[in-house]
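Trainee: Okay, handing you the structure first.
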Number of protein chains: 4
Amino acid sequence: MSKVNKVVLAYSGGLDTSVIVKWLMETYNCEVVTFTADLGQGEEVEPARAKAEALGVKQIYIEDLREEFVRDYVFPMFRANAIYEGEYLLGTSIARPLIARRLIEIANETDADAISHGATGKGNDQVRFELGGYALKPGVQVIAPWREWDLNSRESLLAYCDKHGIEVEKKKGKSPYSMDANLLHISYEGDILEDPWTEAEEEMWRWSVSPENAPDKPTYIELTYEKGDIVAIDGEHLKPHEVLLKLNEVGGANGIGRLDIVENRFVGMKSRGCYETPGGTIMLKGHRAIESLTLDRELAHLKDSLMPKYAELIYNGFWWSPEREALQGLIDDSQRYVNGKVRLKLYKGNVIVVGRQSENDSLFDEKIATFEEDQGAYDQKDAAGFIKLNALRLRIAAEKGRLL
Amino acid sequence: MSKVNKVVLAYSGGLDTSVIVKWLMETYNCEVVTFTADLGQGEEVEPARAKAEALGVKQIYIEDLREEFVRDYVFPMFRANAIYEGEYLLGTSIARPLIARRLIEIANETDADAISHGATGKGNDQVRFELGGYALKPGVQVIAPWREWDLNSRESLLAYCDKHGIEVEKKKGKSPYSMDANLLHISYEGDILEDPWTEAEEEMWRWSVSPENAPDKPTYIELTYEKGDIVAIDGEHLKPHEVLLKLNEVGGANGIGRLDIVENRFVGMKSRGCYETPGGTIMLKGHRAIESLTLDRELAHLKDSLMPKYAELIYNGFWWSPEREALQGLIDDSQRYVNGKVRLKLYKGNVIVVGRQSENDSLFDEKIATFEEDQGAYDQKDAAGFIKLNALRLRIAAEKGRLL
Amino acid sequence: MSKVNKVVLAYSGGLDTSVIVKWLMETYNCEVVTFTADLGQGEEVEPARAKAEALGVKQIYIEDLREEFVRDYVFPMFRANAIYEGEYLLGTSIARPLIARRLIEIANETDADAISHGATGKGNDQVRFELGGYALKPGVQVIAPWREWDLNSRESLLAYCDKHGIEVEKKKGKSPYSMDANLLHISYEGDILEDPWTEAEEEMWRWSVSPENAPDKPTYIELTYEKGDIVAIDGEHLKPHEVLLKLNEVGGANGIGRLDIVENRFVGMKSRGCYETPGGTIMLKGHRAIESLTLDRELAHLKDSLMPKYAELIYNGFWWSPEREALQGLIDDSQRYVNGKVRLKLYKGNVIVVGRQSENDSLFDEKIATFEEDQGAYDQKDAAGFIKLNALRLRIAAEKGRLL
Amino acid sequence: MSKVNKVVLAYSGGLDTSVIVKWLMETYNCEVVTFTADLGQGEEVEPARAKAEALGVKQIYIEDLREEFVRDYVFPMFRANAIYEGEYLLGTSIARPLIARRLIEIANETDADAISHGATGKGNDQVRFELGGYALKPGVQVIAPWREWDLNSRESLLAYCDKHGIEVEKKKGKSPYSMDANLLHISYEGDILEDPWTEAEEEMWRWSVSPENAPDKPTYIELTYEKGDIVAIDGEHLKPHEVLLKLNEVGGANGIGRLDIVENRFVGMKSRGCYETPGGTIMLKGHRAIESLTLDRELAHLKDSLMPKYAELIYNGFWWSPEREALQGLIDDSQRYVNGKVRLKLYKGNVIVVGRQSENDSLFDEKIATFEEDQGAYDQKDAAGFIKLNALRLRIAAEKGRLL
């Protein structure tokens, strides 16, 4: 075990990370700096201050990072239409790089030589925190208590608290699930979900009503895009995190954004997770719609071909990497003309595109596309040569008896 | 204009292709063979016989290709989770290669030297028909009347009918849309849809009720998969086209599968189309679910990375090509272990996965994935080395000041 | 045939394009502007002036574009390590976009409504010229005489000259090959090369000695790179085109850069071509070497995975397209740290890397890579966990009996 | 440390693996089975028997795997034109999966519960051995002594030998390099190569003469291909490993196949290696040539786009994986028509293609490609429409002012 003088801990204020504070002090005989961020998880962060103080922490960082989170992480990711394994909108993955960055920045500010987090050794989050940490401060030491200690059950954690005088809140109605939340989503794992054949319980979900319980009348919204990002809803200009707050609200109210999947973790196992991503689900649909009108075909297809790779990078924790940055550059650049409006109908779990327009940047050319007389905008005879030359190699192969 | 002796026409029995029969006879002074296929479009095909006879056609082919269509075209495509431009399930595209193949086979049987179709010079279907034709019979001549004649309005077509004694049915409630239908979907283009900002009218849709009008109670179904294909619904074994018929029925009744998009045609323009694909929408969701349990991660990601290319090939008309066949081989081979069951909840436009299981082929390993004590199935300490070596190149780069 | 007032012609001064000048005047009754560029083809361009004047041309553009050609087209392409079909360095392809651009710019300056070129209807160059033209001036009219006229043999061309008083130079030793040259390469097609089993004749090659005739002593050179481009040779700072001139000279003298391939044209046929690219062959090898030291692994692999697409775009004529520009942005951005020196040994056709170094940007970390004692720079035990987790999915699959 | 009863060791007979035999017996108190394979490394394998016996080994496997190695590993890989990072022909990588497989098969035969190898903790080979081992026998235990023991210098190894009575051969002229050899190549790392700016010494190379010392007269050879594999040289039918033996001989004699690169290891560091791959270098060139004549364009481009991924998989040790097998299926299938002959000229380091032909499977259509009168085989007018529709999206974008 290396010598550590000071460690910055990603601190939620909950039981696990409170135990970690004490365990770090005791095990490494070091100073602990706590860092608690409001990423829109929907819980107060300020109470973490008193808890940290009670544990003997001297340097306490509590920050509202919601705007930065959406502006610099969520929005760039949605420019790519990123989906992991055809389904997952990467809600947990996208928050980790920001936390990793703040951990390192605080380590630099406070002269700490280590960072620590409460993620287990089985999951993706440890990878995301630590790859970020190493990428941003190559010499940093990382302490992952769950991989080191032997407090591997709730009972042993409670016993530890008891022994060290750590106050344990008695929450009633504590969720049996392992959860993570931020402005983009809330996730659920564990408990009955460990059987992929078992349906999730209605009471598990927290951010959305079920489609059944959603209003019987649809809600229409209009999203305004500039360079691929939403800048206004129903004509009202909003900051990035306000956009997402608003879409979560209207999406959740209409039963939108629930997902139940089995996914492949970077560490090599499959796991089952349920996710609520109301605003993100709307954003994906809306973004595809505005791109469909304004993006060149081949640029769109290039983006589509790169998307699985890009999503995998974020899922696996390589946000802070040369390859993600290179792809981001291409993606951001592609959004230059992704400007305009999308009209959506939200109804009982459905996000339905009902209109899209772009005053200056639409590549939809009605006079060419029309089924009516087009005044020569398009010469149908051109298609004959187009097809003939596209077919030439096929015909030569066919003459050799290759096809059929 | 080359000399043509006999031409096989893809004949629907409608106004346009009836005019084409006559126009071919007159223009090319040739014999016309008609081919009419039941692909599940929902209209009787038998009446085409009398119409063709009335036009003087001697050789008339009328065939029920529904089983072949689903078994050899739709199912293979769904093994790939194919989606064009993030949204479109390729309903029209996938029927064309089968029609092209039958046109050529009939040409061979009847000693015809040409084939013909009623697709316009602006669309994708001409390309799909013709690439298929050339690939399967490289010396065939293709006649595309819409690119040759000057009957470019409904008025001129009617005048032509009048002059040539072609009977025109007076349908009431004729759709103002350009439509195409088969067992996989029905499509709508033109008319008010030519403005992408205008919402489609409720009365346009034919195969599905709206989510609003769907039942207030969900329907649960269970799909059984063998090698990536659905072989039973709710335990009842079905042929491929019976599967799709059944899923269309239950999907359409639950408001599932409507889509409204702007897409990029192969000929270079954007167009707006609306699609109803109730069964296909269910199939995509179900297939992803069974794959999530049974497919290896890297194989799944490889498939995802190839999918956009595969979908583009089908959209562009390259079904009958060496590259599509190569990809198909890989995709089909990947499905060896995609066996098991998926349970779905259908409700007002939503397809919700609520369970998936595979007796022999699940790669979900509960004893490894569990949040509980895992008896050493997984050694969390391994993660430290895993992360360290994944981070090594990032740390070296960071030491050079590259990141942040 | 549309009405044309003035057309800008890519004019070489040779027989074919001289005939085209006259044919355009006569056929379209229009004014002709000639444009002749020095791209380093190794022939004087100034004589084209008198010839054009003799044909009655009033507006004559003759330009030295060598620096621009290498700086803005050749160098950016080599940043990508672009190779078409594993072999071809795209020498002809990369010159066309620059010519297309100047044709359009001159058309704009001279108020011309059309452009014209001397490329045949079978090749790739027509596509490259015209796609560029349309992309840069969407309403331009393009005249491709070889697709329109009936002067399809040398005899008919000579007869045309005779009839119209066009002076024909009697060159002795006229090459029987169809050739194209610029600073990057010279190409040969046709004649005996039309049989892919026939070896090219030694006397065909113009820019390089054969390896057999190259000096018996190797030549060493040192290339200095900044952001992926060569800025100095043997310590001497040079402009881009001077770099290529110098490398062509030393490469050609050492028998470097001959290539004999069968390639796939965009129009659908295979063709056989021979190419001499002495400088380019050296540049490719050198660039790979400096990247090997300075580029991050995953960024390098991302570039490699995109390269075939990028090369195909250039080959097919899509230089002026959103997708090529997007890829270029990524590629250029990747070169930020590609700085340093490469030492090469040139000997009888071989380009051998013998050293590479980068003062500030090398990611080769000798203290980690060493076979000697590394003082803890790398902990070999980390590899165990790294391998274990990389193996996890394979082991789970193997337990299901999937592998072997 | 887990209990081990019997371990199968990849045993070369050299100092390191001899120490490992003893160390395993002593450390794990287990039985050791040795496995020594002739993969064409050019050293006798039979002497390993006496050495193993002297060390007290009871079960000794010595096998000639040369034919299997080339037939089932090298040839399949060359069907893909696999190159890692633009340069490396994967000579070491491709031998490891076969060794891993035999280790596991022998473990199964001898009832051993573990395997072991002599690869260090810094390199790729440990990964390749172990991923293979885990994939083929998921419960196997792997012992990697270099990651466990403290014998980290030649001195400590010699001291260990002295203490345990292991006889050490005194070779004169022992190479200072870390080397690996098999029929495909020989590799060199370490010593003066650890400075990437230092040129390799001429005396390092073992299998090839330098280009300078190669004959002054070229050697011509003719390769016959069936389904992408070489089956005959100069008309003489040969088994796979005989092909490679022959090509190594003629290649080495002509100074072909030396390579000096910096490469990126899977474990995250860059390393510098020199390789001699005479036969492989010829095979790559020849295979590209026969494919250029017989492979469809789009299938060839698909292969090219997948190649970097495929090469990376082999380099990283994922030969025994679902994704490599899926790609292999596609690649093998693509070779159905890759039949014919290639004629090569070998001269002082150069492999020059001078002819290729395929009686039945050539897609080179001389009557279409010709520069002479083609009798209507190709209608040049088709190109106009082909270009126009390829340009359509560019023109629409240009009208919006997007390009230039």
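Backbone N, Cα and C atoms are what each Cβ position is placed from, and that goes for glycine too.
What you see is a predicted model, and the numbers here were worked out from it, not measured in a lab.
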Trainee: C:A10, C:Y11, C:S12, C:G13, C:G14, C:L15, C:D16, C:T17, C:S18, C:G118 bind ATP in TrEMBL, but which of C:A37, C:A80, C:A82 does that record place at the same site?
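Mentor: When TrEMBL describes the ATP site, the candidate it includes is C:A37.
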Trainee: Given that TrEMBL annotates C:Y88, C:S93, C:N124, C:R128, C:S187, C:E263, C:Y275 as binding L-citrulline, state which candidate in C:S116, C:S178 belongs to that site as well.
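Mentor: Looking through C:S116, C:S178, the residue TrEMBL assigns to the L-citrulline site is C:S178.
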Trainee: Using a Cβ-Cβ cut-off below 8 Å, which of the binding-site residues C:S12, C:G14, C:Y88, C:R128, C:S187, C:E263 are near chain D?
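Mentor: In terms of proximity to chain D, the binding-site residues that count are C:E263, given in sequence order.
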Trainee: When you rank C:Y88, C:S93, C:R128, C:S187 by Cα distance to C:T120 (L-aspartate binding site), which of the binding-site residues ends up on top as the closest?
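Mentor: Closest by Cα: C:R128.
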Trainee: By the count of other Cβ atoms within 10 Å, pick out the sparsest of the binding-site residues C:G14, C:G118.
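Mentor: If we count Cβ atoms within 10 Å for the binding-site residues C:G14, C:G118, the smallest count is at C:G14.
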Trainee: Out of C:D16, C:G118, C:D125, give those binding-site residues positioned within 10 angstroms of C:S93 (L-citrulline binding site), comparing C-alpha atoms, in sequence order.
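Mentor: Near C:S93 (L-citrulline binding site) by Cα: C:D125.
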Trainee: Which site among C:S12, C:S93, C:N124, C:S178, C:S187 has the most other CB atoms no more than 10 Å from its CB, taking these as binding-site residues?
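Mentor: Counting Cβ neighbours within 10 Å, the top one is C:S93.
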Trainee: What is the Cβ neighbour count of C:Y88 (L-citrulline binding site) at a 10 Å cut-off, with all protein chains included?
Mentor: 21
Trainee: For C:N124 (L-citrulline binding site), what is the secondary structure state per DSSP, taken as helix, strand or coil?
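Mentor: Where C:N124 (L-citrulline binding site) sits, the three-state DSSP reduction gives coil.
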Trainee: What mean pLDDT score does the domain 'Arginosuccinate synthase-like N-terminal' (C:6-167) have in the model?
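Mentor: Here the mean pLDDT over the domain 'Arginosuccinate synthase-like N-terminal' (C:6-167) amounts to 96.
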Trainee: Using C-alpha atoms, which one of the binding-site residues C:Y88, C:R128, C:S187 comes nearest to C:G14 (ATP binding site)?
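Mentor: Sorting the binding-site residues by distance from C:G14 (ATP binding site), the top entry is C:S187.
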Trainee: What's the CA-CA gap between C:G118 (ATP binding site) and C:D125 (L-aspartate binding site) in angstrom, rounded?
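Mentor: On Cα coordinates alone, these residues lie 9 Å apart.
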Trainee: Cα-Cα, whole number of Å: C:Y275 (L-citrulline binding site) versus C:D125 (L-aspartate binding site)?
Mentor: 16
Trainee: Express the distance between the Cα positions of C:D125 (L-aspartate binding site) and C:E263 (L-citrulline binding site) as a whole number of Å.
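Mentor: The Cα atom of C:D125 (L-aspartate binding site) is 14 Å away from the Cα atom of C:E263 (L-citrulline binding site).
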Trainee: Fill in the CA-CA distance, C:D16 (ATP binding site) to C:R128 (L-citrulline binding site), as an integer in Å.
Mentor: 19
Trainee: For C:Y88 (L-citrulline binding site) and C:S12 (ATP binding site), determine the Cα separation and express it in whole Å.
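Mentor: Their Cα atoms are separated by 24 Å.
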Trainee: Given the binding-site residues C:A10, C:S12, C:S18, which one's Cα is the least distant from that of C:S187 (L-citrulline binding site)?
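Mentor: Closest by Cα distance to C:S187 (L-citrulline binding site) among the binding-site residues C:A10, C:S12, C:S18: C:S12.
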